[in-house]
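Novice: Provided herewith is a single structure, encoded as structure tokens, for subsequent inquiry.
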Amino acid sequence: MLERLAPQVKTQETQSLGSDDCEIGFALSDEKEHVMLSRPTRCICIRILEFAALVLFSSLFLAWLALSSTRTTGAPFPAASPLSVDVDHLWAQYSPYFPVAKYKPLPRGCKVSQVNIIQRHGSRFPTLGAGVAIQVSLARLLRARNFTDPRLAFLANYTYELGQDDLVALGASESFSAGALQFERYRDIVRHGNLPFVRASSSKRVVESATNWTAGFASASNEMFKPKVSLILLEYLNDTLTNKMCPNAGNANEQTHHWQSIFARPIVHRLNQAAPGANLVDIDIPYLMSLCPFETVAKRTKSHFCDLFTQQEFEAFEYYGDLNKFYGFGYGQTLGRVQGVGYVNELLARLTGKPVQDHTQTNRTLDSSPVTFPLNRSIYVDFSHDNTMVAIYAALGLFQQPKHLDPAHPDPDRTWMVSRMVPFSGRMVTEKVQCSGKTDQFVRILVNDAVEPLEFCGGKHGLCELDAFVQSQGYARSDGAGDFEKCFA
Ligand SMILES: *[C@@H]1O[C@H](CO)[C@@H](O)[C@H](O)[C@H]1NC(C)=O
Ligand SMILES: *[C@@H]1O[C@H](CO)[C@@H](O)[C@H](O)[C@H]1NC(C)=O
Ligand SMILES: *[C@@H]1O[C@H](CO)[C@@H](O)[C@H](O)[C@H]1NC(C)=O
Ligand SMILES: *[C@@H]1O[C@H](CO)[C@@H](O)[C@H](O)[C@H]1NC(C)=O
Ligand SMILES: *[C@@H]1O[C@H](CO)[C@@H](O)[C@H](O)[C@H]1NC(C)=O
Ligand SMILES: *[C@@H]1O[C@H](CO)[C@@H](O)[C@H](O)[C@H]1NC(C)=O
């Protein structure tokens, strides 16, 4: 009945670079879809012109290649090894889903009475902007006259075949599996007449992830319980599941450029020696490295690009993503966490069963109706993007760091690792908990199955009293302590 309450908009889904500049914006500000006709536009144009020139160049080059017989080195290609767990968990926000810990049952006598899930869409192709940037870097690599390292031999006959923006098959199955898992885990609070209330932000890949989740949930229940996507929130309007409402928010370019100039330099040197004539530059490195995750999730077999880089280099790639999110939407961005306040206020409303109190990103019309924002369900599921979820974590107070991440020196003990926070299909689950013999209710939060300590509300084994949890959310309850106004002022 409620399905497609709002029309789904596909034509608006052009990728943009949001507030990031041409270099970093393409690859790592991957979740924004509105074209903002401001500073970035010039950069997009330059990058696209460069792309066109390189496409022309590479067509000529490939024509030459077809006629040339001296190109292939003929060196044996190293046998493809299975994906190393270590490396596949170092792909920052391009990591396929993995649980960070084993789900911990609640203490004896306690049970879940309500569940709130917010989940990122599943694995996907590069966004438009990232795809263009990747192909620019690739064309540069393919300018090489020959390859002196056998690991590059595959490039002699290489075609870029990735699609754009959409989920890949693995992405659909990640969401399906999540729906099945969550039915199994929370089946005790599922009833006919009390099915999960499911919302999705309007990007096609987000809506499809929501649909795949409902299919997994239904399948695990032997089609007994068939939730529907109840509401789609349009991304160009008030929407707590996306991050487009804070035009003044800054970006992470300064920090990511700094780190790039440190970690990419030796890789540039090595690849330029192995591919004489390519003349790669620092910015090409994160794009070329991102082909490892993108091709791997798309083809479900390890990409040749993964073999071009070491484990230490993927650790540096992870840190590049960590800095990007920390200074883009996390604690390092003055107007980062305010973009998570709307969702947190909706979460508080559901946990306390009281109407939403929010003056930020919420749609007050939708949130004040029991049809579009019911308060009497047991399971709420929202589908969103990585940047938005990072802002929500920071608004809540999760993943606090002793100090801001250093753009030159990664702390190996940091807990801010985006592969563990927002991998594809990453999820935060807020459980409301009732324990026998106690009148108080409790809250527990899991991110990718790891129990968060909730030290900010006195968490014991990750459990806070509901009242203490609500008290701890002063930043959200004050609509971001003046920060929301700064988004526009
Ligand atoms: C690759 O190119 C360099 C520079 O043109 C040349 O010295 C070298 O012999 C070439 N190697 C092969 C295997 O063709
Ligand atoms: C190049 O790749 C295409 C398609 O991927 C394949 O059909 C062709 O045989 C390859 N050519 C060589 C020389 O490996
Ligand atoms: C929630 O309340 C609505 C009326 O506002 C009612 O129609 C619906 O059945 C209730 N659902 C549950 C699970 O109690
Ligand atoms: C995921 O959703 C898409 C689009 O709704 C559908 O075509 C596909 O079959 C689904 N896959 C799974 C595994 O549910
Ligand atoms: C709020 O949601 C309603 C219903 O979908 C929609 O008509 C309206 O345009 C939305 N307003 C804003 C500002 O998001
Ligand atoms: C949308 O959000 C803006 C900014 O908080 C607010 O002024 C406006 O009233 C909201 N519109 C609706 C329909 O909630």
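Backbone N, Cα and C atoms are what each Cβ position is placed from, and that goes for glycine too.
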Novice: For CYS487, which disulfide partner does TrEMBL record out of CYS45, CYS110, CYS246?
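Specialist: Among CYS45, CYS110, CYS246, the cysteine that TrEMBL links to CYS487 by a disulfide bond is CYS246.
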Novice: In TrEMBL, CYS435 is paired in a disulfide bond with which of CYS22, CYS43, CYS45, CYS110?
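Specialist: Disulfide mapping in TrEMBL sends CYS435 to CYS110.
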Novice: Below 8 Å Cβ to Cβ and six or more residues apart, same chain only. Which residues does that give for CYS435 (disulfide bond)?
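Specialist: The list for CYS435 (disulfide bond) reads PRO107, GLY109, CYS110, LYS111, PHE442, given in order along the sequence.
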Novice: Among all the protein chains here, how many other CB atoms are within 10 A of the CB of CYS487 (disulfide bond)?
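Specialist: For CYS487 (disulfide bond), the 10 Å Cβ neighbour count is 17.
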Novice: When neighbour density is defined as the number of other C-beta atoms within 10 angstroms of a residue's C-beta, which of the disulfide-bonded residues CYS110, CYS246, CYS292, CYS306, CYS464 has the lowest density?
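Specialist: Across CYS110, CYS246, CYS292, CYS306, CYS464, these disulfide-bonded residues, the one with fewest Cβ atoms within 10 Å is CYS110.
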Novice: Out of HIS121, CYS457, CYS487, give those recorded positions positioned within 10 angstroms of ASP386 (active site, proton donor), comparing C-alpha atoms, in sequence order.
Specialist: HIS121
Novice: Just the number: how many Å between the Cα atoms of CYS306 (disulfide bond) and HIS121 (active site, nucleophile)?
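Specialist: Here the two Cα atoms lie 23 Å apart.
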Novice: List, in residue order, those recorded positions out of CYS110, HIS121, CYS246, CYS435, CYS457, CYS487 with a Cβ under 6 Å from any atom belonging to ligand 1.
Specialist: none
